[in-house]
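Working notes, structure below.
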Amino acid sequence: MAELHDALKLLSPTQWSDVPQDEQELAEYMRSCFQAGELICNSVPPLATGEPFHTAQHHHKRPNEAKSAKEMHNSTARSAAVASEHESLQKHWGKPYKFGADKNPANVALYKMAGNDRHGAWFARRSVHEGLGFDRFRKAMTREIPHTLTFQEGVGSGAVRGIGADNRIEHKDVEGGGSLDVYQLSGQMPKPVTAREFVQILMTTENGLSEKSAADVEGEGKHTPRSFMNVSRPLSHPDAPDRSGFVRGQYESVEMIREIPLHKRKGAASTPNLLDSQSSEAGHGRDRGKTIGFAESRGGDAKGEQLDRGKTREEHSAEAELNPVEWIMVTRSDPGGGIPRFLVERGTPEPMLGDVTKFLDWATALDHIPGPQDDTGATVGTGQVPGSRIPKEADPSSGQAPVAAASTEPSVQRSATTPAAADAQAPGVFSNIASSLENGLETYAPTAVTQGVQNYLRPTHAPIGTETSDSDDSSDVSSLNSFMSADEHRRFPSTHEAGVNGGSSSIRSAASSEITLDTDKKNLNSHEKEVQKILREREKLDQKLAKKREEQESKLKKAQEKDSSEEVKQREKREKEIQKAEEKHRREVEKLEQKKVKELKKAEDRRQKKDEQSRSNLVARERDDFRSQLDSYKRENKLLVDRVEELQRENTVLAGRLGRLDPGVLKEAMEEVGGSEGGKKSSESVGSAKPAGYDQGVFGNVIISQNFLETFGFPSANMQGTMTSLYNIGCFFGAMSTIFTGDWLGRPRQIILGSTIIAIGAIIQTASWTVPQMIVGRIVAGLGTGMNTATAGVWQAETSKMRSRGKLVIIQMANCITGFSISNWLTLGFSFAPRDIAWRFPLAFQIFFTLCIYALCPFLPDSPRLLIRKGKHEEALEVLAALEGHGATPESASVRAQFDVIKDILDREHVNTYSWWQLVTGRGPSGLMRRMILGAAMQCMNQVSGINVTSYYMSYIFINALGISPLLSRILAACGSVDYLIFACLAYFVIERYGRRKVMMVSAAACSICWICIAIATGVSQHGGNSYINGSVAVAFFFAFFASFGMGVLGVPWLYPTEINALEMRTKGASLAMATNWICNYAVVQATLPGVQNLGYKFWIVWAVICAAFIPVTYLFYPETANRTLEDIDRFFETKPGVIIARNPLATQLSRPEVYAEQDAAIARGAEKTGRWDGDEEKASGGIAVEKVG
């Protein structure tokens, strides 16, 4: 593959200065390009079907039979296999394009290959044709570009394949290398797109193939077929600046034709491409001015005629010209002007197919093809080529011959519709006119006139330059001119002087004829008088022609003088503009240099200032470390003193017990003297979780109270739903507020603030007499609940050990369900109370849980991770030691190890500072936004599972959807809450054993099944089934749903947001997750009552589908967090895992990955080397293995 792309690089744009000017170097340069071209062409795969060349038969019986592309035959012959190193490259082109027969009549195989230089794809085509011999094919290819130079009609005029030459800038014939030309080309784009121009270097050769392309011919060994190669590269040339009105484009291509040798040429050497005669028609062409003018030649010296006398070479055998020709082209292009590359590539294949037909139509229509350097510009053909344009007359002052000019002697050019004639058996147009005139004169003209005209019509073959005194000779010549039209006179290739002389001779001939006729004017018959009249008219026309020629020549000279003066002015103007642009460029460069110096100086100053600041920070940090070490040594000294006292007490106890020889003496002694500080567990979830569960359950049972409905004017179902759901709006805003207050206040004070707001909301609800007052109380209570739910989980996770973190969160959720169960039983009991006590006391009972939090929270420690982040390292060490237990102190090795791991993660996170705007727009640190979304989405799953349908409206559903009495509905709701609580507690035993992912997926599947069964039961009941039996079935599956939900979907969504977020974003992530929870809660509560009333059993199908969707979402996107520290989770997301983690072992395995344990050990070893803590303290702590917190 690399070899192919290296060869393609030799087609890339180049500078004229990079092209060698020395002939030997230029020949070597061109040979390297042709070798690359051979490799590129051989890399194009052959056509899929066909037969080997040594068994194939030709289709046509005579050479060059085709006169259009339709008459060309798609040959089935295939060329011999190329060298293996070239053949191995064919696989890189892939499969060919597929076209219908109408779009691909020539059976062209078209391929595409991506480029490796970001400049577009390469396209290749390959085809085999019969009907046009190799020689004519080669001549047509060499003539295609020079042919367009003779056309001056406009942009791209005369172009065969869309691009025509405007100017040839360079031409070199290189011995042993071929020929090199530099052309300025142009092509007209579809309106209104600007025309394109191209400056290309074209290198052609007939010796482009090596032994790597040779074929094995039976009985003759290796045989290299005839070939012709054209390599085209974009070029920047000083004589070809950008032109106004054009957009500069470029194309790179290599094009090759080669003969498939069904018949080998007679007299060919081992390499047929090298002709026995070193000159070829393509290399030299015909001598200028040697065109065939008449059907029969009168000899080389005949007046008015010259023969084709090109350099001689051996003629090819007719059989060799029957051989098929294989045509290969590889190209890519860039039209410039900002046209998208995909549009260029999409529009390339079909035009490549169309170019084949255009070229074959043009080539087969030509009877004679001039050489590439032949400036005659005239091609004689059997018919008009479709789309061809007639060229303008050449400018006589330019030094270039006119289009039909060939020499200074007049010669007659054949019509484009007249076949070429080599003998008198094929007369031309002029012969037909002469024959008709001769017959008329013999019938009507006198003998003298008849003889004179016949001498002209049948001239003798006299050498050019022979002078005669016979007046009939001059009359004959002038008669010849009289039969030619004005247009034919313009196409005479003679100079102006020759035209004037011809005109004078014509005048003299006419005068002599007129004198002769006047002598016997009276004896003239009518025909003779008519002839005399014709002669006088001819004389007048000749005089007008001479006059016109003189006027045109005068105008031309004036135009040349004017153009030269204009050119001088334009040159001076361009020089002034260039000088002005150079001066402006120099000034801008000076400004940029000055600006660069200033910027470098500023950067150096900033760097020095930053270095000084870093050094000062380093000194301050080292000072703080030394102070910390000093304090550590003081505490260690005190610890050792205390330890000695403990050992003394142990010795005293042991001495007293040894007398009794009790084998458990040592163990009991350690228990008696061991401190009671270890094993302290956080209990903040007890007080903070119960109010949330109680608040969710109590109002759903209150709104079915008859006294409540009477007090508030029997609100509608929508209003009841609004009063219930606006509590969740308050929760939403309360959770969002902790983004700004959570880290500032700390965890305990945030819980106390939220509980205070809950108490205020409870008082407002208890004292409510109107719907607006009740709504305000609900919103206020929701604000406090939102604060507590967003804070408690984070606090719980940050103070828990990694192997018990999930269990403690499950205990927290069990407390929440305890509050829910209490609300159900309390409202059931107070439903028998008189009047408004039945609903006011349950609402006021929320204050009890606030009092419990007041009693517990002030004495609980803050999160050690938050303390470390705030710089309170000593207090954080105290908390870590208390949470560690087993007599650990702040100087213990295990405590110090945890401290170092947490601080290392915080330091790395602190390096990446970011704002909320950067986080939202995706420019923050990798993984933070994703982690927040995962946490929020899991909380969304918790709420849209349907649990709040039962939490808020279970009694209402039992009454209105299942037709159960109010009392029995309250009893069933209370029993359901107990079922809910029992299975929520059982989740304690599975959350760490099976991990978060498995528990969540199994629980979601069970919930979906329960909803399906509930939908079936209620659907059958609504369509005439037994309402009692179906209602019982539905109630049973409601209880089953409580059990399924409590085992997994209850706890996992509350656990994930506190585990998965980074420390700096943990409070914000938990706040966002809780806000998502409450806003989804609001939506569910708001939609439940209308859904039950309007959808019936279909309402439960919605929840079944949603729960089923949790399974693939959890499997694909959520990593396992069980048995991992919070720092392990940070490390996982630092590796930038993919969005889908189902196949990532670090994300799915249940046990803690070894790599994380090794990283903790490395951090601990680093702390030992820096002297931050002494590893011997682990022995001092009794050698007890401890778990890491978090």
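Glycine is no exception: its Cβ is also placed from the backbone N, Cα and C atoms.
Predicted automatically and left uncurated, TrEMBL annotations should be read as such.
The annotation compositional bias 'Basic and acidic residues' is assigned in TrEMBL to 63-73 (among others).
TrEMBL lists 213-223 (among others) with the feature compositional bias 'Basic and acidic residues'.
For 270-281, the entry in TrEMBL reads compositional bias 'Polar residues'.
Residues or ranges marked as compositional bias 'Basic and acidic residues' in TrEMBL: 298-319 (among others).
Among the features that TrEMBL reports, compositional bias 'Basic and acidic residues' is placed at 1168-1180 (among others).
Positions annotated as domain 'Major facilitator superfamily (MFS) profile' by TrEMBL: 681-1122.
Here the region 'Disordered' (50-76) has Cβ contacts under 8 Å with residues 105-107, 127-133, 136, 215, 217-218, 260-263, 318, 321-324, 356-357, 360-361, 364-365, 382-383 of the same chain, all six or more residues outside its ends. What TrEMBL lists as region 'Disordered' is 50-76 (among others).
For 210-246 (among others), the entry in TrEMBL reads region 'Disordered'.
The region 'Disordered' annotation in TrEMBL covers 262-319 (among others).
What TrEMBL lists as region 'Disordered' is 368-423 (among others).
Residues annotated as region 'Disordered' in TrEMBL: 460-511 (among others).
Per TrEMBL, region 'Disordered' is recorded for 544-620 (among others).
Taken from TrEMBL, the feature region 'Disordered' applies to 1168-1190 (among others).
Marked as transmembrane segment by TrEMBL: 725-744 (among others).
Per TrEMBL, transmembrane segment is recorded for 751-769 (among others).
Residues annotated as transmembrane segment in TrEMBL: 775-797 (among others).
Ranking 725-744, 839-860, 971-990, 1033-1056, 1068-1085 by CB pairs under 8 A with the transmembrane segment (775-797) puts 725-744 at the top. Within its own chain, the transmembrane segment (725-744) has Cβ neighbours under 8 Å at 695, 699, 750, 753-754, 757, 761, 775, 778-787, 789-791, 794, 866, 869, 1067-1068, 1070-1072, 1074-1075, 1077-1079, 1081-1083, 1085-1086, counting only residues six or more beyond its boundaries. Stretch with the largest number of CB pairs closer than 8 A to the transmembrane segment (809-833), among 839-860, 971-990, 1002-1021, 1068-1085: 971-990. Under 8 Å from some Cβ of the transmembrane segment (1033-1056) lie the Cβ atoms of residues 793, 797, 805-806, 809-810, 812-813, 817, 934-935, 938-939, 941-942, 945-947, 950, 954, 958, 962, 964, 972, 975-977, 979-984, 986-987, 990-991, 996, 999-1000, 1002-1004, 1006-1007, 1009-1011, 1013-1014, 1017-1018, 1021, 1073, 1077, 1107, 1110, 1118, 1121, all in the same chain and six or more residues away from its ends. Residues 941, 945-946, 961-962, 1027, 1030-1031, 1033-1034, 1037-1038, 1040-1041, 1044-1045, 1047-1049, 1052, 1096-1098, 1100-1101, 1103-1105, 1107-1108, 1110-1111, 1114 of the same chain, all 6+ positions outside the transmembrane segment (1002-1021), place their C-beta atoms under 8 angstroms from a C-beta of that stretch. Broken down by DSSP into helix, strand and coil, the compositional bias 'Basic and acidic residues' (213-223) contains 1 helix, 6 strand, 4 coil.
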